[in-house]
Amino acid sequence: MVKEKKKADKKGDKSARSPSSPSDYPEFAKQDGNAPRQDASPSAAPALDVQPKDPGVKREVKSESLPNEDTTQYEEPVLTKLIVESYEGEKVRGLYEGEGFAIFQGGCTYQGMFSEGLMHGQGTYIWADGLKYEGDFVKNIPMNHGIFTWPDGSTYEGEVVGGMRHGFGMFKCSTQPVSYIGHWCHGKRHGKGSIYYNQEGTSWYEGDWIHNIRKGWGIRCYKSGNIYEGQWENNVRHGEGRMRWLTTNEEYTGQWKHGVQNGLGTHTWFLKRIPYSQYPLRNEYVGEFVNGYRHGHGKFYYASGAMYEGEWVSNKKHGMGRLTFKNGRVYDGPFSKDHMVAFPNLEGEVMSYPDSTSECAFGCQWCRPSASAEIMRKLDGNESNSLLGSSLELDLSLLLKMYPERDQSEEKKQVEYAILRNITELRRIYNFYSSLGCDRSLDNTFLMTKLHFWRFLKDCKFHHHNITLADMDRVLGANNDIPVEEIHSPFTTLLLRTFLNYLLQLAYHIHHKEYQDRSPSLFLCFKKLMNENIRPNACRVKGRLFCEAQRTLYSMTYVDKCWEIYTAHCRPNAAPPHELTMSTRHFLWMLRSFKIINKELTATKFVEVIAEDNPSMYDGIDSNFELELVFLEFFEALLSFALICVPEPPTKFCSDFPNDDLSVNKAGSTYPVTAQNTQNRSPSAVASQESDIQFSSTKSSSSKLGVLVDISKIRKSEPKIKKSVSDGTTSKVNFKSAGKGLTFLLSQSAHKHEETLKEKVKENRLHNEAMALQRKMENEELEARLNSLREEEAKRQDYEVDITVIKEPVDAPSSSFTPSPPKEDTVVSSKSITSKKKKK
């Protein structure tokens with residue numbers, strides 16, 4: 001054991017602060033001043049801001065005390081005597097070397113490896129206040145990987161840079177049931193990470209952090225089971241997000257500000273069902289929010305089927321509004337504090353009273369309880385004459401106008417009887433198609449969308465009656481006053497009564513000429529459609545989209561992006577109402593512009609795919625390229641083209657694409673980032689690339705859809721893409737989780753992607769040209785060096801021959817050369833010649 005005494009050295013720099021003095025190791029804070037305000041008590045996550053400071057001797061201080069490099073005599077550094085009270089271990093040339101134990105002034109200790117007088121390698125450093133670090137040291141500084149242990153028992157294990165938590169690591173607090181695992185930057189939570197606020201793991205946050213603050217995108221699960229998924233700012237919900245209150249069966253999706261609903265959003269109240277029953281709707285509000293209240297303009301859909309659209313003030317209907325009752329009657333007028341101000345006009349349906357003036361009559365009607373009750377019964381539909389009941393009352397006014405007035409009553413009665421006889425089967429069909437592509441529903445009810453309705457029409461072969469789906473949309477749009485921009489929208493929802501109304505309208509449009517001379521005509525039209533189309537074919541799903549449950553769920557993640565592509569390439573229809581539609585010709589041009597039409601997918605194959613389920617496309621002789629395609633036909637055609645263009649599983653593209661969803665923090669650690677549609681993305685948007693690749697290999701056409709748009713360019717530039725990955729360049733490809741699977745989805749609109757890809761190809765071409773020029777220069781330089789070596793070798797051999805001829809060597813060892821580089825041989829031979837000349 002070697003003990004060093006304290007000495008005052010005049011040569012030491014008095015102004016230099018001792019690098020290992022207690023002031024270099026301040027006490028570590030135990031409380032988190034930025035504890036979440038809403039998620040836990042102020043002491044719930046305090047210890048996560050513990051920031052270990054630099055504990056070791058600085059390298060630059062050591063260099064000041066080292067002697068001159070040219071001095072061969074090593075002297076013990078002066079500062080060591082002042083800093084280290086005692087040392088046990090080995091020394092080399094006066095410097096600590098190997099394993100040792102040192103006690104510093106102030107009570108700090110170190111046991112571990114030394115190198116050239118510095119703590120270097122594995123070791124354990126304990127501060128005077130009890131904080132301990134076990135791990136790697138690099139020149140007196142904790143680096144790479146280590147474990148911090150605080151006096152209260154809290155621990156951190158993970159990456160360390162400059163004595164601070166930096167990189168990936170896990171922190172556990174001993175005083176509170178709080179733990180964090182994720183990325184750190186300069187001692188603070190920064191990047192992707194998960195924090196758990198209780199021992200059971202039922203209260204947690206997983207997502208983005210910026211300097212100990214939840215900021216970005218993340219998921220917060222509360223102890224009650226309520227879940228928020230969306231954007232954060234300054235530790236509160238802020239931006240776009242979805243909140244689900246499982247305790248009260250509510251859900252809100254929309255904009256947030258400072259932790260409360262603010263802006264546009266949708267709030268849904270899910271009703272508890274009576275056993276063996278279903279509600280067709282849940283209560284839902286779609287509109288503006290201010291500080292958590294319904295405030296501004298909005299729509300409220302009641303579970304009964306009624307709807308209010310108008311102004312709101314602090315959760316109450318206030319101002320001008322339009323209230324549609326469940327039987328279809330409408331009140332349009334002012335509201336005050338959730339009540340109608342003016343009395344609704346029932347157009348003569350209200351009983352008249354003997355008062356001469358309408359004003360007096362109105363006042364009597366408003367005041368008399370019996371009249372008011374009767375009016376409300378009429379408004380609520382309790383006195384409906386429909387055989388189907390008020391909840392399924394059909395709107396037949398437009399169809400009945402096609403018949404003489406004397407026949408209208410009989411036509412209505414007979415068609416209602418027909419619906420009533422088939423209502424069980426029609427309800428089953430509605431429920432079946434409305435649930436396609438839906439993963440879950442809190443109240444086990446589903447709403448049919450236009451996308452489902454199109455699939456129903458195609459399965460039942462409505463389009464085989466010389467009418468396309470686009471034509472059907474126009475017929476229904478004209479009959480029901482649908483806005484032009486929503487005529488072909490796949491997201492429009494249909495209630496059961498709307499579904500029944502549409503069937504009757506299409507039945508009349510398709511068969512009315514056949515039964516125009518027979519009565520009841522409307523009943524016969526519906527009966528034929530039911531017997532020949534609906535009953536034999538319904539619920540037998542065809543097409544690429546809804547034929548497999550797993551494929552459907554996977555493909556539905558592309559609907560929004562493909563809808564953008566579809567609308568971008570639509571053109572106004574020549575005939576009224578001049579809505580945007582896509583013809584088969586424009587579809588083919590779009591594919592050609594994306595370089596998808598190739599040897600695998602020819603124009604002939606394109607026609608065959610479109611004509612598979614569309615008799616209007618090809619009659620055996622001619623092809624109809626003016627055929628209009630609705631979005632369902634467009635989307636299913638893309639899925640079919642994906643099978644043709646990408647026959648093999650696209651897993652090989654995974655390694656070729658740079659992952660844009662990986663962000664690098666200051667420490668160089670990589671973590672996934674998810675930006676997402678809060679409605680369509682799974683709560684756990686962070687998944688490993690390896691598991692995603694394995695999952696994607698099980699997909700068929702849906703997993704190939706994302707690379708379809710630029711598949712031909714990918715195949716041509718695959719080596720270039722690999723090179724760009726090695727150079728750190730990135731392409732616009734998102735890896736997002738959908739059912740825990742890997743999805744290739746272009747982050748740009750498809751009509752813009754070609755320009756981006758052209759720029760990327762141009763950049764790769766310039767890069768390859770530069771690399772080729774560099775390789776050429778390297779080859780020329782290498783060739784010149786080889787020629788020089790050959791010349792030296794030839795000269796050396798000639799020189800050896802000359803030496804041998806002039807004089808034989810005195811002894812054998814001098815004439816035998818061991819294999820070594822040519823230059824060394826020349827030097828050895830020249831030295832031997834010189835020595836021989838001196839002997840002479």
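Glycine residues also receive a Cβ, built from the backbone N, Cα and C atoms like all the rest.
It should be emphasised that the depicted structure is a prediction, and the values quoted were computed from it without experimental measurement.
The feature region 'Disordered' is assigned by Swiss-Prot to 1-74 (among others).
Feature annotation from Swiss-Prot assigns compositional bias 'Basic and acidic residues' to 1-16 (among others).
According to Swiss-Prot, the compositional bias 'Basic and acidic residues' annotation covers 51-63 (among others).
Annotation source Swiss-Prot lists repeat 'MORN 1' at 86-108.
The repeat 'MORN 2' annotation in Swiss-Prot covers 109-131.
According to Swiss-Prot, the repeat 'MORN 3' annotation covers 132-154.
Look at Swiss-Prot and you will find 155-177 tagged as repeat 'MORN 4'.
Per Swiss-Prot, the feature repeat 'MORN 5' maps to 179-201. Confidence in the repeat 'MORN 5' (179-201), given as mean pLDDT, stands at 93.
Per Swiss-Prot, repeat 'MORN 6' is recorded for 204-226. As a summary of secondary structure, the repeat 'MORN 6' (204-226) carries 0 helix, 16 strand, 7 coil according to DSSP.
As a summary of secondary structure, the repeat 'MORN 7' (227-249) carries 0 helix, 17 strand, 6 coil according to DSSP. Annotated repeat 'MORN 7' per Swiss-Prot: 227-249, in sequence order.
Per DSSP, the repeat 'MORN 8' (251-273) is made up of 0 helix, 17 strand, 6 coil. Under the heading repeat 'MORN 8', Swiss-Prot lists 251-273.
Across the range of the repeat 'MORN 9' (284-306), the DSSP-based residue counts are 0 helix, 16 strand, 7 coil. Taken from Swiss-Prot, the feature repeat 'MORN 9' applies to 284-306.
Taken from Swiss-Prot, the feature repeat 'MORN 10' applies to 307-329.
Look at Swiss-Prot and you will find 758-801 tagged as coiled coil.
Look at Swiss-Prot and you will find 810-840 (among others) tagged as region 'Disordered'.
Within the repeat 'MORN 5' (179-201), the DSSP-based counts of helix, strand and coil residues read 0 helix, 16 strand, 7 coil. Secondary structure counts, DSSP: the repeat 'MORN 10' (307-329) has 0 helix, 16 strand, 7 coil.
Helix, strand and coil residue tallies for the repeat 'MORN 2' (109-131), in that order: 0 helix, 16 strand, 7 coil [DSSP].
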